[in-house]
Each structure stands twice: as structure tokens, then as C-alpha cells.
Amino acid sequence: MCGIVGYVGQKKATDILVEGLSKLEYRGYDSAGVAVLEDNKIKAEKHKGRLANLEGMLNENPIEGGIGIGHTRWATHGEPSDVNSHPHLNNKETIAVVHNGIIENYNELRNWLMEKGYEFKSETDTEVIPNLVDFYYKGDLLDAVMEATKHMEGSYAIGVICNDEPEKLVAVRKDSPLIVGLGEKEYFIASDIPAVLNHTREVYLLEDKEFVVLTNDGVTLFDEEKNPVEKEVYHITWNVDAAEKGGYEDFMLKEINEQPKAIKDTMTSRIMEEKEVTLDDISITKEYLDNVDRVYIVACGTAYHAGVIGKYAIEKLVRIPVEVDIASEFRYRDAVITDKTLIIVLSQSGETADTLAVLRDGQAKGARVLAVTNVVGSSVSREANDVLYTWAGPEIAVASTKAYVTQLIAMYTLALHFAELKGSKSVEEIEEIKKAMLELPEKVEEILKNTDLIKEFAVKASTEKDLYFLGRGMDYGVAMEGSLKLKEISYIHSEAYAGGELKHGPIALIEKDIPVISLLTQRELMDKMISNVQEVVTRGANVLGVCFKGDMEESKRKMFEGLIEIPETLSLLSPVLSVVPLQLFSYYVAKAKGFDVDKPRNLAKSVTVE
């Protein structure tokens, strides 16, 4: 992985490829490269490091030609290096390939090809693909790619060009996203929509094992048996400007500030006072819910933390047992799944490999799967039984912010919808929650206007090596997200602990002047959290507290080095507000350390490999 772009047209391919790859930089990468057909011969340029390195080399050594493929790599097999970068060529340098995914049987294929006389330069799994295509090439590139994929196990989205058919680009996907852009006498492939937005809003969303041939005359689609495929054109509706910084210094800061709108958009037409929750893409009935004996919420990373909050909300409002699990763990633990199981999967991109695997495994065992995702047309959205979209808009920064808060809104919305169906809460209780939800955008805006204390504490914390987050109940779920954000972009070691677990080990880590952030928005647990704060302060910690305005007694304020007071809301909904200071805190720590907050090291936006 990480980013693929391909182009067929009359313009200079390298310009289109580099521009497209720049729109995919947010996905994370460690090297970049292109291969273009110039005078019926493949010319490739690839380098470790930033896209600017590649662009500089292409300025020094221009490559002409209107057909080419490009790639930004995030290392999975082989260290980041020039030789391991994509595109990869066959031994004769007549076939070039870019690839996202993992070829699981690449060692077997590599050994088999070596027995046939092929040699390998890199440590990557991808290099087997051009040589495998070469082995099966008999004058038709599509046939060769089709035959090669029959022997490839794992996940892949690939783009292929060949000297012998210089007018053609062939691509295919399996368990890794790939779209086809339809322009005016020019055509594209890409691993994500932003790469083609400057050129077209009309795309095909490829399904697994669909092949596509791009030429100057148009686009032809085939299934794995080489039968022609007719597809509906998907029109991209969101604005190109949504994928630009719009005057902000960083995408992350822009996206933090877009949260009020994202929250409002995700509730629009769904949450209304004195009206039942409206979810058009979900056909779950009261009869179905009455038969459900357990709910699993499954996700990865930040989405998992949203799932933790979802568990609290659904259990509280719907009174159905809920388990929340990490997708990469859940899929291997032989969970009890029947036709009475509802699985809720969360994935910002809709392409997270482990989450997709859970979706498919769950359906195979008879479960119904409901997906919460931000990307219309993604694999998760197409394969799930029901879909709830989070209308966060494009999220470019690797560290998720607005996608997370809209996932929270989605989970609350689901919980309310299920509660209405089952009658598990009174109309008055549900109306109180709806009213409070509709007030959240304005309250987030209020937090965003008061950042001085957050900045001050962040600058002090930026020189520390360790930092801890504490919380109980829903606050613990938010603490986990705050800790992850800090790790992701500031590279400071951080852990989140449930307040009640302090005495069971973590308190041994507390020493003089160590920074601790304590969340205190769960009023029924306030006294217990105050005791936890006292425990760490006694041992020398400097504590920043997050609580509702007016909740902290004057006599207890002196324990805190600082106290961020957020607008009051229901304890159930507090994560939407309390996470915002933690996002800003992580942002300002990383900026104080001089780090790139949008593209943190070693991380990718969309993890499409297992």
C-alpha cells in the first residue's frame, strides 16, 4: 500500500500522476514512483522519501508520454528504499506494475519464478506480479493479468502497462479499493477519489475481481471470466475545496474546526425534535431487534474508540448486551455468532482490511451487519446489510478528528433509533437526548474559541517523554482516544487508564511533574475521579482536568494545574465535547515539537492490508 494513480490520455502523464499522488499524500507513504510509456518503451523513476524528491528528478529527467502509472508506497514487505519502491518491472523491463495490498503466497510464487529463470532485485511481494504477468503474456495483456491473478493469494489493487501494448492500461482489484475516473477523452485509475477530482466527477467503483482496460478510446470492464460488465456511473458530489486546506495551516486544524458542521450534517434529517429518528438506509425492524441476543461493535484505531462509546449508549438506551472489539482480534477469536447476532462495523474509509474481513465472516455465519462509514460507495458500504453514513466530508489528515465525532453521533443516533423501535426508553427521555444532541454543534464552536489554556499546557507537555490520561465510564473511552491522538502526531509515549485501575499497577508510573490529563464529565463518578486525581497529585503529577462548567467545587480546583471547562450537556453525550480539547492538545504539542501533524511517521490514513 498506499496510493495508486494511473492515466491514459493526451496530456503529459507524469504531470497527472504526480498531481494525483499529491492528493493521496494524506494516506501516508515512505517512497514514490512513476512508470510511463514513452515511444513504446517503459521509463520509470522512483525514489525513497517525499513526493518532492520524485518531482525534482522528473524535472531533471523529463519523461514524455500519455499513458502511465504512479504509486506512493507505505512499506509492508522490505524496508523503504529506492529499489523497493513502486512501480516494479519484470526482468525484461517490458511490463510495469503498481500494487496496493499483500500477496500472501509471494514466497511460493517467487521461488517458482526463480526456477523458471526469473531474477529479483527487491524484497517486496509486488515484484512477483510483473514477472508472473510476463510468464503468462502471449500477446494479450488483459489475458496475462487475468491468468496471473488466478495464482495470487491475498489482497491487491494493481495497475499494469506493457511495451507491447503501448495504448493500454489494465487494472484489477481484490479486497483493496480502486476506482476508475471517466474524463473527457482521458481516463484514470486511483485508490481514492481525491486523486481524480481535478479532472472528473464521474467514476466507476470497481468490485472485487473486476478487471478494467483503459485506452484512448474509452474504458471496458470485465469479470474474472472475461464477460463484459455494465456498471452504473457514480457521480462525486462533494466539493474539491473540501480536500484543500482552505486557509488553515494544516488539514488537522481545519478538520478540528469543521466538526460543528460535520456533527450538524450527520444529524440533519435524522435527529429532529418531536419526530422519530429517520434512517433511510437501515431496514432493521422491531421484530428483528426483539430477536437479537447480542450486538458486537467491531472496528480499528479511532473507530474502535467510537465503538466503545457506542457500547455504553446502546446498552443504556436499548438494554441489549453489547461487546466491542478490535477487528484484528475479533476475527480470530471464534466469537459466538448466529442469526440472532447484530454486528456493527465502523470504518472511516470503508476499506479497512480487518474490518471488511469481520463483515464478510459475520455474514457467512448468519449475522446481520450494519456499517458506519464516511465514504459512499466504499467496500464496507456496498457489502453491509445496512449502512449509516457519517457526513464528515473528506478527512485528509491521518489522525482522525471529525470522522471520530461523527461516528459518535452515528452511534447515538442508532441507539435512539433502536430505543424507539423497542420502546426501551420513554418518549420524554428520548426527546431530552435529541434536544441535547441538536445543541452540540454550537457547544463545540464555543470550545474552539477558547484554546489558550490548552495551548499553554501543550507547550509545557511538549518536552515530556510520558503522559497519562485518566477517566471512568465514557470518560475512559475518550481518554483512550486522547492518548492515541497524542501518540500518533507527537510521538510522546502515552497511555490511558480507567481511574479505578490506578491502584492495580499504573500508579507506580507516577512521579514528580509527570503530566496527567483527567476527564471528569461523568457526574455520577465525579467523586471517585477526584480521589484518583488526588492520588496522582500526591505523587507529584501535574494534572489538567476537563469538566463541565460549574461542576468543580472551588476547594478542589487547587489540585489542578489547569481546568478546561466545557459547556454542559448530558453525561451520555459528553464525549462529543470532551474529546475536542484533547484533539487540540495533541495538535499543539505536535506543533510545539515541529512535527508534520497531517502526515505523521509510519502511519497510513486507510489501512487496507491485514
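Placement of Cβ uses the backbone N, Cα and C atoms for every residue, glycine included.
According to Swiss-Prot, the protein has these features:
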ACT_SITE  C2  active site, nucleophile
ACT_SITE  K605  active site, for Fru-6P isomerization activity
DOMAIN    2-217  domain 'Glutamine amidotransferase type-2'
DOMAIN    284-424  domain 'SIS 1'
DOMAIN    453-600  domain 'SIS 2'
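For the domain 'SIS 2' (453-600), the DSSP counts in helix, strand and coil order read 78 helix, 29 strand, 41 coil. Per-residue confidence over the domain 'Glutamine amidotransferase type-2' (2-217) averages 91 (mean pLDDT, predicted model).
Under DSSP, the residues of the domain 'SIS 1' (284-424) split into helix, strand and coil as follows: 66 helix, 28 strand, 47 coil. Within 10 Å of the C-beta of the residue listed as 'active site, nucleophile' we count 29 further C-beta atoms, all protein chains included.
DSSP gives the residue listed as 'active site, nucleophile' a strand state.
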